[in-house]
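Got a structure for you, questions after.
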Amino acid sequence: MALSEDFTELQTLSNGRSSSIFPTTNTPVDPEEEEEQSVSACTQPNEHTQMMQTGQNGGLKSTRLSSSSSSSSQLTDAQRLAVLLPNALPPGFCVCCSLCCNGNQQDCALFQSAVPSAALHMGSCCVQGVPCFCMQHHWPEHLQNQPNMATLSPPRPFRFPKNYAELIADWPVVVLGICTVLIVVCALVGILVPDLPDFSNPLQGFEPRGTAIGQRLVTWNNMVKNTGYKATLANYPFKYADEQAKSHQDDRWSKDHYDRKKRQAEWDFSKDSFFCDVPGDSYSRIVFASAEGKNLWNIQAIKSMCNFDNTRVRSHPQYLDLCQRTTAASCCPSWTLGNYIAVLTNKSSCQKITERDVSHTLNILRSCAKFYHNGTLGPECWDMTTRKKDLKCGNLPRKCTKYNAVYQIFHFLVDKDFLNPKNTDYLPPNLKYSMLFAPTEKGETMMNIYLDNFENRNSSDGITTITGIEFGIKHSLFQDYLLTDTMYPAIAIVIVLVVMCVYTRSMFITLMTMFAIISSLIVSYFLYRVVFNFDFFPFMNLTALIILVGIGADDAFVLCDVWNYTKFDKPNSELSETVSITLQHAALSMFVTSFTTAAAFYANYVSNITAIRCFGVYAGTAILVNYILMVTWLPAVVVLHERYLVNLLTCSRTQNHQSQGAATFWTSLCQVVNKCLFSISEASRIFFEKVLPCVVIKLRYLWLLWFLALTVGGAYVVCVNPKMKLPSLELSEFQVFRSSHPFERYDAEYKKLFMFERVNHGEDLHMPITIIWGVTPIDSGDPLNPKNKGKLTLDTTFNIASPASQVWILNFCQKLRNQSFVYQSEEQDFTSCFMETFKQWMENQDCEEASVYPCCSQSTFPYRQDVFELCIKRAIMELDRSTIYHLDSKTPGPRFDINDTIRAIVLEFQSTYHFTLAYEKMHQFYREVDTWIQEELRDAPEGLSYGWFVSNLEFYDLQDSLSDGTLIAMALSVVVAFSVMLLTTWNIIISLYAIISIAGTIFVTVGSLVLLGWELNVLESVTISVAVGLSVDFAVHYGVAYRLAPEPDREGKVVFSLSRMGSAIAMAALTTFVAGAMMMPSTVLAYTQLGTFLMLIMCISWAFATFFFQCMCRLLGPQGTCGQIPLPKKLQCAERTSENQSTVNNQGKAGACYTTKHEHYELEPLAANVRNEGKASDEEQEACTQLQNNITSLHDDATLCASHEEPKHEFENGVQATEHSHLHQYAFNTRCTCENSMHQYIRERQRTACHPCGQSRETQCATKQSNHLPVCLNRDMIHAPTNSGHFQHCTPSQISRPAAHRCFSGGCGMHAVHISQQQTETESYISACVPSSSPQESQNRPAHLQFPDVQRCSSPDTTGVCTLNHDTQNAGELAINSQSPQKIPWNHLKTKANGTCVLQDCREVVPEDSIGCRVDKEKTVSPKKFNCFKKNVNAKCNSVEFHKTRTSVPTIAINSKASSESLC
């Protein structure tokens, strides 16, 4: 008992955190002080303590730091301790080491003051443990390096890396350097070599290429461009072309320009000294509405519009340089309602009008409205030269025609519903909108006026408000907004950085991850422009940044989690092995998510729209490049951080500093932050491991019905009513800003409300039918470059000069005029069918003049080929000389080449269809006309058999391409997602459920967008097609986790997948949701739409995957091999590393996988069939929890599916490879079973001098060995239990409530404690945690170091013992010889209801998938039974029961029988 005075009991907290406290005095520890110490323990490592360091390859090295403060008294204490324990404390004695998790550092000290840690030697057992989730634990504290330590290991010789993992582990700086060089080179080449993108025309690339209509439109446009003087085609013969070009080159103006000049000459207001011109489409304009929704026809509103004109437009400094003027002194007045009232009432300005003038003008408008609406009042009714009414409008009152003011008010300034014929004279007029025309040309010159006086200023004065603006700068302003609004993606990136930093607890890893994401865009731009040679870079490519931020963060979270799983599974492994295992699993998981999303983007390549195809290639490439960086750059960053940078930002302080009261503000702040983060992580753990599985499973029927109803509702909204609408705005009015922007409101709302806009945009014009022969409708340009439209391809078989062709064309024109879809004009159109005009001209020519012959009436139709070729040239030239009509590039008729040969002809008729944006009407028009023409061409002669027609079908083709391309892209995305899911899980049922979940997600998402008013335009098409790639990720993660779950039943698999993947999936969804939310304030429509879409798809896909998919798996999920694709036997259990393969030969037959038949969860709501056993006593619950809390394991080996072959006493079990028993929930060692723990223990004893022995706080654990006592403590988390070959019982009197999610204090224990010679030669593999020994032994060793006799393990308070049954067991049971060591799997150890510890037999079962176990019914040897258990407990290492704190939820026994809800 010499040491008992200096030592207190060695303790292991019930939550899995071991501690041993050895105060120098018997002064009790204050509970409150101890509680405070437990919170900050993790941040208080002793700087004198010899710590473990990570070597070059991740190996652990013992590092001893010298301390200048070491005193002689401390050395004396150490020497005295060595004298007291000459055999029990060899040089390899283990002392406390800093922990990864929130352990109590002060509890870890073996000798707080009496025996300083500087005098102790750190053994190899002091290896830092690894937690389970980054969300629930702290990243820097998970790493193998210890705080404030320096690596002093000797330099190792150069070793060339054998594989990629060793390259990452040994040469992370080299890998990072190579990646950095490549990124910099790609950036420089991508920026310097090709031209920078030009976003001045955002509509560029929005036209379809490659469609039948698209090829015709491209060919027609090329034909128009190549028609003219010295061009490929000409309207005139070449001999006359030069003369005609010279005489008409000054007249080749556009029709609008000509008409405008003509109107300017006709309507010259300069004599009236008021208006300079008439309002028109070329002038800047503003739309006003009442601020309170009232009538604008009142004097306050009219004067308010005049004030806006003076203060916002005319007062700008640049206005004087831009306005039109009659004199140098002043600018022309604006065309406003007030100025027109002033003209009609002879007032000088708008400010001079009165209420009487307004009423008088209204009366004039009332009396003249009917003349305007019936078409009799037109712009030509006033002769400005004579200042009198024109004779054409003699029946109209003069007041209606004076100055054409009434016509211009109705046509330009008021909305079309004002004073319409439907309103009677007795109803008050209702003017909703009025327009103001400024005497400035719209365009770039108006940019400064808009930016200074309109963009950020209030648009209302309380009376009127500016609702729409048309300055002609929409696309120019878009380019500026596109760059300035990148601040919102930047804000999103910053917020994602904060979330990642909190999640990983490492600023270095966070910044390097974001650098990898940005680098992905740079490298993909290089590949896009230089390697793929794409010349066109649409503005939509910029939105790839937002999507990539979410995906990159998801990959970082996955790698973080997998890294910690690997370190937890193999804490003693070298760094290269950790990297290898991490990449094996993380690379696959990241590849699944990256490939499915990239495939969804690449699927857009099937679209016919150039911008969508380019965006799909760029975004898909960026995601794949990001994946490559995530498996090269990011692992190297993690290794570099772990080896060198983990200690830079630590907030830990040594115990000496803490005791001296030298804690700084930052240390206190860091502790507070750590406590808050720990509380958050605890809440997260409870939610994802307890609450969420409970909610999902208990309410599964409700969730299924609810989400099925949502799916049906979404499908109804998308497909039936109101369904996804095609775009309703022309391409020229394509929306680029948010809907509330005044530029967009003018195009979308107000343009159709004013008559001059309706007429100019062709809503009252007939659709033309243009038919072409002689040119092949082929788009020979680059479909990925909207600027490259190719060259004109002529039809070599074309021949119009043959008599048969002449007759057929004439008959064709006559048939076409008789069709119902052709508009019959009253005026004779001599240009529609040139053959009719030519025949008539020939018949009217007199043959008396010899020079005319043969082009005269003597020649009969059809004409000879030579006559036709000669006379058609004369007819065209005569037509040009005798009429003022000029033939332009779009005029129907023949087209000549440079040799005067007719190479093409054009016919054009007007149809009865009016231009409309409605898809159905345009579709009917195209199908009807094209079908009739193709039917007629079947009987055409050989020279005219390849004709085709075209019309104003650009918008219809865009609509058609969007509707078809979106569906095809989504279908391809679904096929790829299903394929990837199938290859990942090898299970058809899981893959089918995932696709059903994705379908529901798509329907609900698109339905929500429809209800939000979305139309299927270009941007919407891209976002919707990408929905499949973004929504499949969550279902894939859950599906893979379901298949890898070791539990045999559905409920266990669902709980496993939810608890393991729930946190990472939620974080991925959160980061992407935040990135989308930050885009909402943007002005650019592409950003706001993408933000809306990301928020919706993340919420809906997470909900469907978590509740709908998991409930389907719980209800009808596959069990065993149901739905599994059969694989070759060699592949079923061959998933192993090279190191594992080398160990299999020594362990026995490879290929046998282990599982168990029953499992229990310690979560009451998850009980499928709860057995009502009445009220269990506290002792029962404590005993069951003690059994679970005292199980520990070695994680030094990744034991595979193999039955271990030893010379004697071999146990073999063969079951299916897909199920595993007693597996740690977060370990990657999916083939490891609890029965392997004994063999692991034997190998560990042979390999190390310090053996793990997990202990809880209430236990006193010592296992009697021949020469050594294994007392080194395991650092596993209490909620992540592990295996052991030792049975330990803990007395209920010492149980304390554990703090959840704590791990054992790493390294706190004793190393190779030599025992006196009273020991027996036998070894016991089953021992009680509170041992009892002979009195002599008790006197020679401390109370807590009592060693059990091989035959008994008793509690100090009882005489009950746990013995091995020496008798012959029943059939199928195993006889144990206690005098010889046996290899006893832990999962075969059971307790009877009377407390006896028995060993169950584990029979070899070949055809079945479970292990049969029987409870030994022999009576206990002990005369006094220790009633520790009253029911059998078969606890699996990976069950939920092991992951809970003992006091959180009471233990409930759950019937583990297979669910009756079976699919197979």
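For all residues, glycine too, the Cβ spot is worked out from N, Cα and C.
Copied straight from Swiss-Prot:
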type	residues	note
REGION	1-73	region 'Disordered'
COMPBIAS	9-28	compositional bias 'Polar residues'
COMPBIAS	38-65	compositional bias 'Polar residues'
TRANSMEM	173-193	transmembrane segment
DOMAIN	468-640	domain 'SSD'
TRANSMEM	482-502	transmembrane segment
TRANSMEM	507-527	transmembrane segment
TRANSMEM	531-551	transmembrane segment
TRANSMEM	586-606	transmembrane segment
TRANSMEM	620-640	transmembrane segment
TRANSMEM	701-721	transmembrane segment
TRANSMEM	970-990	transmembrane segment
TRANSMEM	992-1012	transmembrane segment
TRANSMEM	1022-1042	transmembrane segment
TRANSMEM	1065-1085	transmembrane segment
TRANSMEM	1089-1109	transmembrane segment
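Help me picture these features in the structure, burial and contacts included.
Same-chain neighbours of the transmembrane segment (173-193): 167, 519, 522-523, 525-527, 529-530, 629, 632-633, 636-637, 640, counting only residues six or more beyond its ends whose CB sits under 8 Å from a CB of the stretch.
Per-residue pLDDT, averaged along the domain 'SSD' (468-640), amounts to 87 for this model.
Listed as Cβ neighbours of the transmembrane segment (507-527) (distance under 8 Å, sequence separation of 6 or more from its ends, same chain) are residues 139, 179, 182-183, 186-187, 189-190, 493, 496-497, 500-501, 544-545, 548-549, 552-553, 556, 560, 618, 621-623, 625-626, 629-630, 633-634, 637-638, 641, 645, 649.
Residues 194, 197, 199, 202, 204-205, 482, 486, 489, 492-493, 496, 517, 520-521, 524, 593-594, 597, 610-612, 614-615, 617-619, 621-623, 626, 782, 784-788, 1018-1019, 1022, 1026, 1030, 1068, 1071-1072, 1075-1076, 1079, 1086-1087, 1090-1091, 1094, 1098 of the same chain lie 6 or more positions beyond the ends of the transmembrane segment (531-551) yet place their CB under 8 Å from a CB of it.
Taking Cβ pairs closer than 8 Å, the transmembrane segment (586-606) reaches residues 547, 551, 554-555, 558-559, 562-563, 612-613, 615-617, 619-621, 623-624, 626-627, 630-631, 965, 968-970, 972-973, 976-977, 980, 984, 1022, 1025-1030, 1032-1033, 1036-1037, 1040 in its own chain, all 6 or more past its ends.
Within the chain carrying the transmembrane segment (620-640), a Cβ under 8 angstroms from the stretch's Cβ atoms is held by residues 168-169, 172-173, 175-176, 179, 508-509, 512-513, 516-517, 519-521, 523-524, 527-528, 532, 544, 547-548, 551-552, 555-556, 559, 563, 575, 579, 582-583, 586-587, 590-591, 594-595, 597-599, 601-602, all 6 or more beyond its ends.
Panel annotation: around the transmembrane segment (1022-1042), residues 540, 547, 554, 589, 592-593, 596-601, 603-604, 612, 615-616, 619, 966, 969-970, 973-974, 977, 980-981, 984-985, 987, 990-991, 993-994, 997-998, 1001-1002, 1005-1006, 1009, 1016, 1053-1054, 1056-1058, 1060-1061, 1064-1065, 1068-1069, 1072, 1089-1090, 1093-1094, 1097-1098, 1100-1102, 1104-1106, 1109-1110, 1113, 1117 of the same chain, lying at least six beyond its termini, place a Cβ under 8 Å from a Cβ of the stretch.
Outside the transmembrane segment (1065-1085) by six or more residues, the chain places 135, 478, 481-482, 485, 488-489, 491-493, 495-496, 499-500, 503, 546, 549-551, 553-554, 557, 688, 735-739, 741, 744, 1019, 1030, 1033-1034, 1037-1038, 1091-1095, 1098-1099, 1101-1102, 1105-1106 with a CB less than 8 A from a CB of the stretch.
Remote same-chain partners of the transmembrane segment (1089-1109), defined as residues 6 or more beyond its termini with a Cβ less than 8 Å from a stretch Cβ, comprise 543, 546-547, 550, 692, 696, 703-704, 707-708, 993-994, 996-998, 1000-1001, 1004-1005, 1008-1009, 1012, 1014, 1019-1020, 1023-1024, 1027, 1030-1031, 1033-1035, 1037-1039, 1058, 1062, 1065-1066, 1069-1070, 1072-1073, 1075-1080, 1082.
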Give the nonlocal contacts of the transmembrane segment (970-990) in its own chain as ranges (CB under 8 Å, at least six residues past its ends).
588, 592, 595-596, 599-600, 603, 606, 998-999, 1002, 1024-1029, 1032, 1035-1036, 1039-1040, 1042-1043, 1113, 1116-1118, 1122-1125, 1127, 1463
